[in-house]
Structure formats: structure tokens, C-alpha cells
Amino acid sequence: MFGRALTSIFWGMLADIYGRKPVMVFGTATIVVFNTLFGFSKSFWLALISRFLMGLLNGMLGPVRAYVSEICTLEYQAFGLAMVATMWAVGLIIGPAIGGYLSQPSDKYPSLFPSGSLFDQFPYALPCLCISVAAFLGVIVGLFLPETLHKHDRSVECNPCNSEKKFVPKDTVISIKEGNDIDIATSRTVYLSFNKIKWKNKGMISSIFLYFIWGLHDMAYSEVIFSLWAVSPKQYGGLGLTTSDVGTILSVSGFVLLVFQLVAFAPLANRFGAIQLIQCSIVITLPLVVVFPLIQTTDGVTLWSLLISANVIKNILSVISQRGFANGVSMSLASFGRAVGPACAGTLFSWAQERLDSWFLPGMWIVFFILAVVALVSLIFTFEPILPKSLLHPLPERPWEDVTTQKLERSSSFTLG
């Protein structure tokens, strides 16, 4: 995540200059190389460097969104962008299952992977190799994708009803969607305005910082706290589950999250608005994470029912907040938050296990309490005047421009993510 924070804007710029396809194919290829290297790492530093390079050299998320918005006709743009989030949710189903069931294969499947075999020496190489194979297939598919970025040596003046004349300079990179070519000869009003970032814009700064805080909170929970808590022995406040158990829980949660995004998110966003959804999700998150340690006192069917339900609800609340935040430059700061989050959470987790007998929030109680405090900070930043309600419509409708122009400008805003 730290590597991604350093280069996400850079990859978005390259995608605007040289095309979406090369950035997407190169990013997928880096997964093949560095994910395999990670699986066969025998030292902490080699594992760390391989993960850092995979983030540094992979800037696909923004270009993928731009590519989908450009390759779809206008009536299917919203559906195409929704499918990006949907495929992410599908990955949340398949990924944890691969990691949970294929890690430490010599312990789980000794008849297939005997002691002393390759995957006994490298107990986490098998799931990494499976993911690398999937990424390799993605590289092959990517080579056959059409490029959606084209260069046009034209200058077009905007509609005179706009008091300030603007021009599309020559050699400006303009994205054209197949079936929706811009007919300049008929004097349609078209121009692309890539708005400059105004660092004095309080609303933008607030949304970026909010995205950073929530990225820290969400990654600390999902990547470190939940997994470590689930597999830690009960004497240390954990649940004593296996990696297969964790994979099952995360896969079930991912499936429910997929259904939620397909069925419920869009109606909720249209009905209540992004900021209201963010506030509501954080308010529910606060008591939820505080009572997580109580699950450790249960067992059997009750334990599994509470654990899966709590994790499903937590993930749904997280995706509501993530999809409501601003896009673009905030993605870089969110990646930085997601880099800091696991490091802080790991340190916090270790510290919590050293204070099991403390009179104030012993053991895991302090971990989930601090997680709730971070969520509370996020909640505070969602209210005016810190976060203005105008961000519900960050790109205002301009009646002097046709729908195609505004769609093109919106699609360009996805690239920097």
C-alpha cells in the first residue's frame, strides 16, 4: 500500500498519455512476478520488498475505471463501472478461499503434499502460485483488449454561452467511446476540462483526509486485527480458529457483500445520498467494533453465527463508506492510510496481548476500542462545515454542455484513482 501511495497518480498520468491498456497489462504482469516471489520468500525483508514493488509497479484501479467508462456506450456506463466494484467483491469471495484452504497444504493435505516437499518448505507458496496463474491468464486476455485512448489534432472552442472561453489544445488526449464518436464538424459543444487540483478547497482536503482515516481503519481491521484475532489462541483473547476457518468466514462475507453491492447499494445511495450513508455506516460501526471481544466468550454455532454476522455487517458498512468518498487524488492518501493501518494494528495487537490483566480495557478490548476511536474521528469529519454537502454533487451539471461532454469529463476523473 505504501508503494501504491507513491505511484497511483503517476500511473494515472501514464494511462492518460500512453493508453489504458499498457498500464493494465503491465500492472497484471507485476502480480505474476512479485506475488510468486512473495510466496517463496524465506526472509521478512524479501517478503516486504516483493509486496512493496507489487504496489509500486501496479496502478491498475484508476485506468480500469477509465477504460470501462470509455469502452461502454452511454447507456451502459453506469453498469460497467458497477461491474468493477462487483468483480472486486467476487475477488473477496475467491481470494480468502484460496488463501484459507491452500495455505500450509502439507498440514492439511499430507497425502498430496508430504513432509519435506516443496510446499512443506514454502507453506504459503501454493495459494500465491494459484493467484499468479490467474494473473498470468489476465495478462494474456489483456493483450487482446482494444485501446480506448486516441489522440486528435484538433482545437475546439466551447459554446459561446459560457462567459469564459476555453479551448481544447492541439494534441490533447481525448477519450472516445466506440459508438459515440464526437462529431466536431457539426459544431457540437465538446471540450475536456481536466480541473486543476485546488489545495485551498476545504471540501476537497476534508474528503481526502477522511478517505485517509477510513482507509487506515478499514485496512487495520480487515488485514490484521480480524485475521490475527481469529487465529490467536483463546488464552490470549483470540478465537483459536484455523486458517481454513478464516477463509470460510471471509468468503461468506465476500458473497454477501457482492449481493449487497449488486442489489442494495445503488438504491440506498440514490435515496439517502453519499454523505448520509457514510455517517450512518460509521455510527453503526462504532458500537459494533466495541463489542467484538464479546464473541470470544461464545462457542459452537453461536460463535460462528455471531462472527459471520458481525464481519458481514462490518464489511458492508466499510464498502458503503469507501464508495461514498471522493475519488482521484484521495486514492493516493487512502493507500498511505492502508499502509500505515496494518503496521499500527500489528503493533497494537502485540501490545494488547502483553496487557491481558490490565484493569482498563484488557487484551483485545483495547484494540477494538482504538478501532472505534478512529471510526469516531471519521464520523466527525463527515459533518459541516468540515465536509460540505456540496460534495454530494462534486461535478455540477452545466446546461450549456451536452450529455456526452459531461460524461467524458466524468470518465476522465476516474483515471487519477
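In case you wondered, yes, glycine gets a Cβ from its N, Cα and C as well.
No curator has checked TrEMBL annotations; they are predicted automatically.
Summarising the annotation, TrEMBL assigns domain 'Major facilitator superfamily (MFS) profile' to 1-390. According to TrEMBL, the feature transmembrane segment maps to 21-38, 44-68, 80-102, 122-145, 208-229, 249-268, 275-295, 364-383.
Within the chain, the transmembrane segment (364-383) has long-range Cβ neighbours (under 8 A, six or more residues past its boundaries) at 206, 209-210, 213-214, 216-217, 220-221, 225, 229, 237-238, 275, 278-279, 282-283, 285-287, 289-290, 292-293, 296, 321, 345, 348-349, 351-352, 355, 358.
The stretch in 21-38, 80-102, 249-268 that contributes the largest number of Cβ pairs under 8 Å to the transmembrane segment (122-145) is 21-38. Long-range contacts of the transmembrane segment (80-102) within the same chain: residues 64-65, 68-69, 71-72, 108, 126-127, 130-131, 243-251, 253-255, 257-258, 261-262, 266, 315, 319, 323, 414, each at least 6 residues beyond the stretch ends and with a Cβ under 8 Å from a Cβ of the stretch.
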